[in-house]
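Below you'll find the structure, written out as structure tokens, and then a few comments.
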Amino acid sequence: MSWFIIGISILWAEFFKFSQALEVIVVDFKNPYEYIENLPYEIFVPEIFQNFNSSVELHICSFSALKNCILQHPKSLLLLDLSTNLIIQQSISQLCIDFSLFHLVYQSHSKYLEPSTYSLSPSPSSEITAFFSLLSYLNWDQGAVFMDKGKYNQKAEYLNYSAYFDYFTIASLSDIKDLVNGVVVRAGIAFYYFFVNNEISIDLQNSLKNAKLLTNGSGIVLSQESGYGCTIDGAIIITEIGHEYDTSIVDYLKTSIEELIFSILSLEDVRDIKAILDTKMPNHYSPPSYSIVNIQNGNRIIAGSIFNKNLAIFGKLTFLGQSTIIPKSSKKILPISINAGITNPGSADTDAGLQSSWGANICIDKINEGHDILSHFQLQMFNFDCGVTIYDKSYLKSCFTKDIDKLGLAHLAAYGSSVTIGSQLFFKEINITVPSVGSVNGSPLLSSTKDYPMYVRMVSPVAFNVCILFLRAMGWKKAAIIYENGSWGFWTYSLMKTAAESIGIELINPENTRAIPPDLDREATKSYKNLFQGIVNSKARLLIMVLQCPLCNYALESLYDLGLRKGDLYVFAGTWDPLDFISDNDGYAHKRLEIGVSMTRVVYPAWVGEIGKNIYNDYWKKYNITANFDSCSYFDGAYIIATALDYMINRGHDYTDPYQLMSTIRVIKSNGCTGPISIDPGSNDRVFQLYPIQAVKLNSNSTSEVYEVGYLEPYSTQILSITNPLIYPDGSSTKPSDIRNINGKCPFPDREIQTFAKGRGLMFGFCFLVFAITSIITFIIWQKWWNISVEILEEKKEISTDDFIVGATIPIEFFQFVSMGPNFSVFGSILSNLSSMSTIELEDVIKLQNGVFWIITDIVLVCIAIWAVLCVIVLLRLHERWEELWIFRNLGVIAEYLMPVLGNICFMPFISICLDVFLCDKSIGEDFTDSFLVKDCYTFCWKGEHLMYAIISFVAILVYEPLAVFFRPLWQELQQNLHVKAVPGYLMVKSVAQTILIVLAKTLKRSSDISHGVAFVILMMTYIAIISRIKSYNYDRFNLWQFLSLIAVVWLALLSTFYIGFGGNSIVFLAALGAGWLVIALAGFYLQFKKYPSLLYRKKGKNIHGLFKFAFTIRSTIYMIDEDA
């Protein structure tokens, strides 16, 4: 619009005012070095005057022929001199005085102007005055001044009065890169002031930008001639009013000259030009006005003005980095960043990473306040809050993306490994290359230089293996372990497990009792009681806890609740807070101290030497909390970045190159809060030479403290050094064994065992169900198939093997019935053991531990399965149908011999063993899963393997009992050589009676011995009465001895019950038992010979004499003689 108005005005003036052209002489020096901005006159001079057409007549003359040119054009009033040479300018000025010409120059190179000389641009002093007015407002009193001293020496003279500036004279474009990278970068300058021509300015701006010096916290101010091509957001340009939008010197000259010519052409008389020049041209008599131009979003914004040292800001200034805050530090800002907030996306906020990251803040403060490193610079750290320990990809991506330009030169990674890994992958995804330093990230994945080339860390996952080295150094070989199955815990556990295997340390608790979810509260931890029970059951005295606190505290409390006490455990913790462990703020410290006393850990070194102690004190003073290793590690993370930057700056390296910076971080060595800092050349991990060992000590006044025991040196020939005696959990300095000695059969103290009423009720229910099923099925089978009689044996028969099998059941069942009766151990261990073995009641014979009970149970279940198969074969007569097949033919033979054993003799043992699986009426807690199997107290009930066995055993009973009841009489019907047979009705009654006896032994006997004894006697008397009536066998001798054996059982039961109820002398009772049994035996033999003659006989085989004769003679033959013939 301004150009349009000027053009219209010129045309108007030309039309009304002048009848003759204004003659102007322009000096052409024919020397490129004298050209402004190196532009030849013939390019830009005609452009300046093109809008005036015939109103201005130009006479371009060379400097050498200038005098003649003036003489040839006597009507000329103006002489335009755009020279950059002071001597030439003074010579021309004298000619103008001599010929009464007005001398118009671009910029005076003299402090004083001749009366006829006028400058298009302000005097250097006025421009410098405006410059200092702006700096005074900004409160910038230091910085780097870039000058083209050859052309702007007067400005240099005015600038030189400030001793706080660093002055850099630029002679050529080739000097710029070396100047910036070699000097400016190392000087740590934050503010930059340009007084150079536009060409140099643009190149200088690019060099500073490439060196990443034009960042948040820095400032840049340009003179008018330096700012023509500036497009840097946040830059400030001082321009003359009216020249705010000039983008080149041609624009500037065109605007200035056109305005002057227009004013001259507006005169009534062109010869009055002096008045216009005196009014319009800014010389030392007329102070100019300036505008403050601010580049914002690529646009030039007029933000203020300066007139005669008076500055006014009427717009909003924006500085480098889009900041609206005036930078204050005169030191160059070195930006870094840290991901240390409190947000865990999808979970509760946590300050775990935040408090630890304060160590980095302490480091930044010490470096900025000190002079040891980066003395000319100021570190500035931007804080991201993109996750602490929980990685959420979408959250992390949006969090980093909105401030991605603030990552800075280097980045301190998040507290959690998963978030760190996620951020590294995200940076790679969006092609962001920034060196990252982790502080406490323990994941082994981060060790890989191939996968994470722009990452190192101040810890090493190998450090967690040091505790395994400690165990080996102490001579221990077995331990239990528990870990939280988050990313940190799992990978730590994996490393420790591998290390343990490699050096021969056995982790003895089962794999499924090692992992517990992280971030559980106290109540939630209780639901993992089985896991802690597995640790208790392992008998391990040494326990390695890979748990963060407070989960480690909850673990100790859970182990206490399971009965462990002082001396039972020696806890080796990978990480814990000693103060939290000892503190009784929650009311549970007594539990932790009971079993956690002497808890030991191998830790990272922290607060090492004077440096570490000073940092610790600074941390306490600033935050009023106790710092931990994590804080120390964050300090070192920031410190290694600062050390690398200082190294590169002092050597002139490009510290803004992320690859060079990363390489320097990898090789730099320094001393920090944790001692010597160095990175393993083959990984991303920190190298530690020494690890302190700490333990908890309980003092005599019931207070506790954490003390240092010694230290481990993994790379030394002497790995372990003890500096203070280690006090073990039992209070002594004697090293305990790695396995806990337990008094008793179970892996928990007897004091924790209680009767579990719910479990006993469930057992009663199962037993009653078995009894009911047996009774119903037996009645149905008897009524439908076996309500028959057998032929009485009245004549002599040759005794067969089958008869022997039937006869053997009487003494075997005697012992079985005895074992089901009251406790008779007072009468001798031999009788007790015989009865126990006959019913597989082996707990008094064999210690049921290490799975012995389950071996027996497996055998029983296999036998039942075999029995079921044999029953199917016999029932379907497969051995007869497919007799030609070897397998069925032989299975038929096997069935003939095994069925009476498995189905009759083993009836009580099989049912008893299967019901033993349900004996869960003892517990160490209130839940069903807290109950344990009485026959094997290492097994907890109603879960895992026990639940599977319970189901299988119940199914086995349902299959076995009906088949046994049915096949007992069937077997004897299938035997052609069997003479002595049991009455089917008796077999039915026996099946029910045996089941009742088993049920009473599993239920009532466990509640009351005397009640069980009375019930047993009554049941046996009833049973005797019933079988005496129905006659058990078809052979009276068998009936006699069965009756007498049952009377002997009742006599034993009566004596045992009386002894249990009233007590007495055991010898007397034993004598009474012997006397009673002797009477019964004598009565039996008497009746056998007098009333019940033998109806079974056996043939004699060859005698010894006959065998010899048969073997050694040919003609002699001896026949077997039947004595009864």
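Backbone N, Cα and C atoms are what each Cβ position is placed from, and that goes for glycine too.
The domain 'Receptor ligand binding region' annotation in TrEMBL covers 363-681. Model confidence over the domain 'Receptor ligand binding region' (363-681) is summarised by a mean pLDDT of 86.
Annotated signal peptide per TrEMBL: 1-21, in sequence order.
Nonlocal intrachain contacts for the transmembrane segment (761-782), taken as residues 6+ away from its ends with a CB within less than 8 angstroms of a stretch CB, comprise 911, 915, 918-921, 928, 954, 957-958, 961-962, 965-966, 984-985, 988, 991-992, 995-996, 998-999, 1002-1003. The transmembrane segment annotation in TrEMBL covers 761-782 (among others).
Among the features that TrEMBL reports, transmembrane segment is placed at 852-876 (among others).
Positions annotated as transmembrane segment by TrEMBL: 897-919 (among others). If one looks beyond the transmembrane segment (897-919) by at least 6 residues along the same chain, the residues whose Cβ comes under 8 Å of a Cβ in the stretch are 762-763, 766-767, 770, 802, 805-806, 808-809, 812-813, 816, 820, 838-841, 853, 856-857, 860-861, 863-864, 866-867, 870-871, 874, 933-935, 946, 949-950, 953-954, 956-957, 960-961, 963-964, 967-968, 971, 991, 994-995, 997-999, 1001-1002, 1006.
Packing against the transmembrane segment (948-971) from elsewhere in the chain are residues 766, 770, 773-774, 777-778, 781, 785-786, 854, 857, 860-861, 864-865, 867-868, 871, 874, 899-900, 903-904, 907, 910-911, 914-915, 917-918, 941-942, 982, 984, 987-988, 991, 995: each is 6 or more residues past its ends and has a CB under 8 Å from a CB in it. The transmembrane segment annotation in TrEMBL covers 948-971 (among others).
Summarising the annotation, TrEMBL assigns transmembrane segment to 983-1004 (among others).
What TrEMBL lists as transmembrane segment is 1010-1028 (among others).
Counting same-chain residues at least six beyond the ends of the transmembrane segment (1040-1061), those with a Cβ under 8 angstroms from any Cβ of the stretch are 810-811, 813-814, 817-818, 821-824, 826-827, 1009-1010, 1013-1014, 1016-1017, 1020-1021, 1023-1024, 1027-1028, 1032-1033, 1069, 1072-1073, 1076-1077, 1080-1081, 1083-1084, 1087-1088, 1092. The transmembrane segment annotation in TrEMBL covers 1040-1061 (among others).
What TrEMBL records for 1067-1089 (among others) is transmembrane segment.
Between the transmembrane segment (983-1004) and the transmembrane segment (1010-1028), the number of CB pairs under 8 angstroms, six or more residues apart, is three or more, so the stretches are in contact. If one looks beyond the transmembrane segment (852-876) by at least 6 residues along the same chain, the residues whose Cβ comes under 8 Å of a Cβ in the stretch are 840, 842, 846, 888, 891-892, 894-895, 898-899, 902-903, 906, 909-910, 913-914, 916-917, 933, 935-936, 939, 949, 952-953, 956, 959-960, 963-964, 967, 970, 974.
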